[in-house]
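A short worksheet on the structure shown next.
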Amino acid sequence: MEWAPMELNPELMASLGVDGTWSFVDVLGFEGDQLSAVPKPCCALMLLFPLTQQHESFRAKQADKVIGGSELYFLKQTASNSCGTIALLHAVANNSDKMKFGDGSVLKKFLDETADMSPDDRAAHLEKNKAIFDAHNEVAAQGQCRPEADKVNFHFISFINVKGQLYELDGKMTGALQHGATKDDTFLVVSRTWLTLTCGMLPKSALSLWQENKMKFASQL
């Protein structure tokens, strides 16, 4: 199965059967005012950025800092162009206690089936999962750009806030990276420091996963 290049598209979460109580919102910038405008609470941040030699060099230095035996849900990327879906899986799976899933949710079924698997076995299971593959490609087809698969040089990763700790999850790594303490109100600010180091620059695009509270949000408009 050939995974199509995908833009940052929050509609994938709904396609996989995640209830709309939590949703993604664009992060328009990483300066103080722009970050403070992002709705809260926020428990995950998905980033899209260009792969560079600076990034690869930085990653090589982090290889020995990967957490072993972590309780976090981590999935390795083995299929080209699947990084967007994997970043979303990391964001949702590690906050599944906060989420609600619809009846017959494709994502919930996948998470249950792979709960006790290794990162490599989860990757193999994902490559065989036609329902997630079809949802990925359907959402990818709705994007505004049509890049050639062999010329895609962008990558997705996720930062998540789990039990007051900031973690970075990149399917190209062998496990998660722990970056220290964080809180709901500082999560985006602390993430900004690490994402700049990871990407070698500010990312091309970002989405935050936040809990929808329509009454509160409406009062801020």
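Note: Cβ is positioned from N, Cα and C throughout, glycine not excepted.
Quick look at what TrEMBL annotates:
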- 2-221: domain 'UCH catalytic' (DOMAIN)
- Q77: site 'Transition state stabilizer' (SITE)
- C83: active site, nucleophile (ACT_SITE)
- H155: active site, proton donor (ACT_SITE)
- D170: site 'Important for enzyme activity' (SITE)
For the domain 'UCH catalytic' (2-221), report the average pLDDT of the model, please. 80
I need the CA-to-CA distance for C83 (active site, nucleophile) versus the residue listed as 'active site, proton donor', whole Å please. 6
Tertiary neighbours of Q77 (site 'Transition state stabilizer') (same chain, Cβ under 8 Å, six or more apart): C83, I86, A123, G171, K172
Same-chain residues at least 6 apart in sequence whose Cβ lies under 8 Å from H155 (active site, proton donor): L48, F49, P50, L51, C83, D170, K172
Given the recorded positions C83, D170, which one's Cβ is surrounded by the fewest other Cβ atoms within 10 Å? C83
